[in-house]
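*Asks:* Quick one: the structure is below, questions incoming.
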């Protein structure tokens with residue numbers, strides 16, 4: 001049909017439209033006078049197949065029939081798939097009440113967690129402290145970069161290491177939180193990220209003074225801090241049931257460039273440290289006779305490089321699934 005004219009005046013539905021029907025292309029019209037008062041503004045939806053007109057009663061009660069005239073018009077037929085009478089409605093209401101009662105019974109059987117608020121308070125404080133710590137690192141490095149330029153690269157470790165040590169030591173709690181079920185985050189990705197970062201920080205950078213003045217330290221700390229500026233506030237707001245869409249998007253999008261760049265900076269750091277460990281023999285393990293073999297720590301670092309890129313792949317896949325889960329487009333209903 002084309003250009004439908006649908007109005008309700010004096011409790012009568014007036015319909016008129018140009019359309020193709022039993023009489024071919026023609027003007028079709030009808031009127032329905034309702035039994036009781038209805039709202040004067042109907043809701044209409046036109047598709048290629050049909051026209052749907054929804055008319056709302058003024059008062060919610062049961063009618064004996066639809067039209068004021070006792071005899072139903074010949075063109076009017078009920079759709080029994082959508083038909084509901086008084087007995088059906090009572091049954092529906094009864095089922096809903098029973099379902100509500102059963103749900104309340106099930107909930108009453110589940111023991112309430114007496115430490116719920118304490119756990120929530122702990123998680124809020126943990127994420128807040130981490131956010132403030134990494135914010136300090138980011139702001140400090142940014143200001144020094146703007147003032148000193150490239151010269152700030154060479155003393156990054158000495159100016160920010162204490163705060164990075166604090167934040168990354170505190171990050172060990174994320175493994176514990178996942179282990180005891182305090183958060184729903186999977187354990188393996190948390191272990192890989194926290195222990196991987198701490199290995200770079202404490203073993204590679206912390207034990208070699210020669211590495212602490214390398215420019216790569218700046219990029220490692222900078223990429224770490226930027227990523228956490230969005231992750232920790234997101235988790236903190238989640239603890240109190242608040243979701244801010246721009247923050248959610250940043251949390252599950254900024255890792256796409258930052259995670260590979262951070263991993264690349266870590267790999268460069270390891271490559272630069274291998275000759276130093278080989279020369280100094282630091283952390284090398286000498287086996288007793290008769291083997292008389294020394295396992296060079298630099299050799300273990302080469303193996304760690306392979307594990308690093310394998311971990312990047314596994315974590316990337318995990319983060320991508322999380323992004324699809326939180327930002328993926330909703331499935332459209334089939335029409």
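First residue shown is number 1, and so on along the chain.
Heads up, the Cβ atoms here are built off N, Cα and C, so glycines get one too.
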*Asks:* Given the ranges 56-77, 78-99, 100-121, 122-143, which one is assigned the annotation transmembrane segment in TrEMBL?
*Replies:* 122-143
*Asks:* I'd like to know the mean pLDDT over the domain 'CS' (1-67).
*Replies:* 87
*Asks:* When you check the transmembrane segment (297-316) against the transmembrane segment (122-143), do you get at least 3 Cβ pairs under 8 Å, counting only pairs 6 or more apart in sequence?
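*Replies:* The answer is no, given that the two segments have fewer than 3 Cβ pairs within the 8 Å cut-off.
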*Asks:* Six or more residues beyond either end and a Cβ under 8 Å away: which residues meet both conditions relative to the transmembrane segment (190-208)?
*Replies:* 157, 161, 164-165, 168-169, 171-172, 174-175, 178, 217, 220, 224, 266, 269-270, 273, 276-277, 282-283, 301, 304, 308, 311, 314-315
*Asks:* Residues of the same chain, at least six outside the transmembrane segment (214-234), with any C-beta under 8 angstroms of its C-beta?
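*Replies:* Non-local partners: 127-128, 130-131, 134-135, 137-138, 141, 145, 150, 152-154, 156-157, 160, 164, 167, 197, 200, 205, 247-248, 250-251, 254-255, 258-259, 261-262, 265-266, 268-269, 272.
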*Asks:* Across the domain 'CS' (1-67), what are the DSSP residue counts per state (helix, strand, coil)?
*Replies:* 0 helix, 40 strand, 27 coil
